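Peer 1: A single structure is presented below for examination.
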Amino acid sequence: MLLHYIYLLAITAEAMSGAIMGIRREMDLFGISLIATVAALGGGTVRDVLIGHYPLGWVAHPEYLAFTICAAIVTALAARKLHHFKSAFLVVDALGLVAFTIIGCDIARGFDSFHPAIVVIFGMVTGVFGGLLRDVLCNEIPLVLQREIYASVSLLTGAVYVGLLHLQVDTSVATLSALVPGFLIRLLAIRFHWELPRFNDKGIKGFE
Amino acid sequence: MLLHYIYLLAITAEAMSGAIMGIRREMDLFGISLIATVAALGGGTVRDVLIGHYPLGWVAHPEYLAFTICAAIVTALAARKLHHFKSAFLVVDALGLVAFTIIGCDIARGFDSFHPAIVVIFGMVTGVFGGLLRDVLCNEIPLVLQREIYASVSLLTGAVYVGLLHLQVDTSVATLSALVPGFLIRLLAIRFHWELPRFNDKGIKGFE
Amino acid sequence: MLLHYIYLLAITAEAMSGAIMGIRREMDLFGISLIATVAALGGGTVRDVLIGHYPLGWVAHPEYLAFTICAAIVTALAARKLHHFKSAFLVVDALGLVAFTIIGCDIARGFDSFHPAIVVIFGMVTGVFGGLLRDVLCNEIPLVLQREIYASVSLLTGAVYVGLLHLQVDTSVATLSALVPGFLIRLLAIRFHWELPRFNDKGIKGFE
């Protein structure tokens with residue numbers, strides 16, 4: 001229930017992040033709305049297509065599209081003022097990341113044959129592939145492949161959640177035990193620029 | 001019936017537009033054929049994958065692939081002469097946009113549970129996602145996110161078509177009533193550079 | 001059976017090729033693992049999504065993901081030494097291309113309604129779309145659209161395989177008769193820079 005409201009808040013925030021990227025690339029109102037929608041609903045869409053889980057969320061609930069398109073229009077109109085809210089965006093995006101992850105795990109758990117690792121993977125797909133598709137459409141190397149721990153937070157959140165449910169912990173306890181630490185770690189990662197290791201590319205110069 | 005011939009004409013035109021982009025990026029004959037095929041059949045493919053509607057059109061009708069590959073080869077061989085036909089291309093592309101839209105709406109209408117807005121969205125996906133995938137493969141920000149009203153024409157065409165059918169108007173009347181104005185508006189949009197609004201990106205400078 | 005071992009060898013090699021691209025673009029460990037996985041398993045995933053064939057290979061066999069992620073980590077740690085093995089990579093990649101193609105044809109042949117040409121196409125999709133998605137995520141025009149005959153080898157291998165099975169040739173004979181020449185032609189294409197024709201783009205200057 002609470003998760004549903006967090007979900008609506010999160011798709012709004014992701015839609016606004018997509019809209020901002022579209023505005024900066026001088027897209028028109030259609031382009032901005034499409035990027036916003038892809039950023040917000042793309043992760044769940046990729047998950048459902050990879051599972052073969054139909055109808056897709058936004059097909060069954062067209063009101064999600066109304067949310068993302070309204071968020072895009074508001075962002076476009078308010079673009080000049082948005083830099084005042086940059087921190088708020090990062091916080092809601094972090095909340096969205098963990099909420100999307102848990103919702104994605106729940107959908108995948110509905111398929112009995114799935115290995116727990118696959119459930120965690122589909123949680124991560126739900127959390128990060130919206131942003132990944134947004135960046136591909138904007139002709140950028142996806143940020144999620146490069147920046148401070150982001151997908152890793154999603155994988156950790158999903159692993160804690162699926163692990164606790166496996167130990168017969170109550171669903172709402174498992175949700176909070178995965179959501180809260182995941183959210184806090186993401187915020188700390190932003191604050192202290194925590195990163196995953198990168199690697200020396202000497203020796204592979206001639207490879208492409 | 002007429003729509004079927006317009007469809008074949010349209011996939012040929014879209015395939016040629018894809019082939020031209022491939023030739024300009026110095027792709028080889030395989031690359032040109034693939035881009036042509038994606039441009040022509042990608043919209044319907046994305047629609048069917050998002051709906052879960054199998055088999056895909058070109059899987060059931062492999063002759064569509066023969067069409068797009070032949071169009072690519074002819075385009076490659078005739079590349080030097082093509083600039084004489086630039087206006088013809090724009091006209092056939094406009095026709096294709098509205099025809100793809102109506103065909104996409106028809107497929108989506110076969111699913112009783114779909115909200116009319118979702119039917120219109122799938123019409124638009126059919127109309128514009130081929131060009132969008134073509135641009136992603138060519139490593140460009142998709143044109144449809146930026147240029148004069150294009151996707152908007154598709155949404156309008158679909159809305160008129162679905163709206164008239166909702167009012168129990170005869171299918172062929174609804175088809176023509178959506179097709180003809182959509183086609184004319186697209187031609188006028190090209191002629192007079194009609195555009196959707198863009199937005200000031202001051203104030204979001206520091207955002208990425 | 002042999003094909004299964006070649007498959008595991010091939011996904012390892014493709015994963016390493018993906019990891020190398022990720023390292024060169026300064027991705028972090030998550031990015032490198034994701035690119036590796038997409039390069040190795042993306043072709044089969046696209047094929048299965050286009051067919052509507054669920055569950056996907058890596059969903060039913062999560063151990064494939066363990067393979068690709070381990071290959072990515074080993075590549076990242078050993079990056080400095082990898083240039084000694086460049087030729088070995090090209091050989092295993094060529095083997096992977098033909099093995100993926102034949103495995104893809106086998107999956108598609110399970111659908112009785114598919115035209116033989118569609119079976120060959122799905123073999124090619126399996127062989128080349130992993131590398132294509134890898135390049136899109138790395139923000140490059142896909143190599144397969146431009147370089148010496150690669151997709152063509154896959155199409156040829158698939159056509160020989162499907163053709164021989166059509167003539168009631170024994171499966172293992174057909175497999176070897178398609179695999180060995182395909183593999184050799186790909187090696188010769190690398191050695192002698194065999195290319196498909198490209199085309200003069202004069203006359204289409206003003207087209208975009």
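Sequential numbering from 1, following the chain as shown.
The backbone N, Cα and C atoms fix where each Cβ goes, and this holds for glycine too.
Given the structure is predicted, the values throughout are model-derived calculations rather than measurements.
Pulled the feature table from TrEMBL, pasting it below:
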DOMAIN    B:6-78  domain 'Glycine transporter'
DOMAIN    B:91-164  domain 'Glycine transporter'
TRANSMEM  B:6-23  transmembrane segment
TRANSMEM  B:30-52  transmembrane segment
TRANSMEM  B:64-82  transmembrane segment
TRANSMEM  B:89-111  transmembrane segment
TRANSMEM  B:117-137  transmembrane segment
TRANSMEM  B:149-167  transmembrane segment
TRANSMEM  B:173-194  transmembrane segment
Peer 1: Which range out of B:6-23, B:30-52, B:89-111, B:117-137, B:173-194 gives the transmembrane segment (B:64-82) the most CB pairs under 8 Å?
Peer 2: B:6-23
Peer 1: Using a Cβ cut-off under 8 Å, which residues of the same chain at least 6 positions beyond either end of the transmembrane segment (B:117-137) come close to it?
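Peer 2: Residues 14, 17-18, 21, 34-35, 38-44, 46-47, 50-51, 97-98, 100-105, 107-109, 143-145, 150-151, 154-155, 157-159, 161-162.
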Peer 1: Which one of these stretches, B:89-111, B:149-167, B:173-194, has the most C-beta pairs shorter than 8 Å to the transmembrane segment (B:6-23)?
Peer 2: B:89-111
Peer 1: On the DSSP side of things, how many residues of the domain 'Glycine transporter' (B:6-78) fall into helix, strand and coil, could you say?
Peer 2: 61 helix, 0 strand, 12 coil
Peer 1: Pull the DSSP breakdown for the domain 'Glycine transporter' (B:91-164) and write it out as helix, strand, coil residue counts.
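Peer 2: Summed by class, the stretch gives 58 helix, 0 strand, 16 coil.
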Peer 1: For the transmembrane segment (B:89-111), find every same-chain residue at least 6 residues outside the stretch whose CB is under 8 Å from a CB in it, and list them.
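Peer 2: Same-chain residues near the transmembrane segment (B:89-111) but 6 or more away: 3, 6-7, 9-14, 16-17, 43-44, 47-48, 51, 53, 118-120, 122-128, 130, 150, 153-154, 157-158, 161-162, 165, 175, 178-179, 182-183, 186-187, 190.
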Peer 1: On the 0 to 100 scale, where does the mean pLDDT of the domain 'Glycine transporter' (B:91-164) fall?
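Peer 2: A mean pLDDT of 92 is what the predicted model shows over the domain 'Glycine transporter' (B:91-164).
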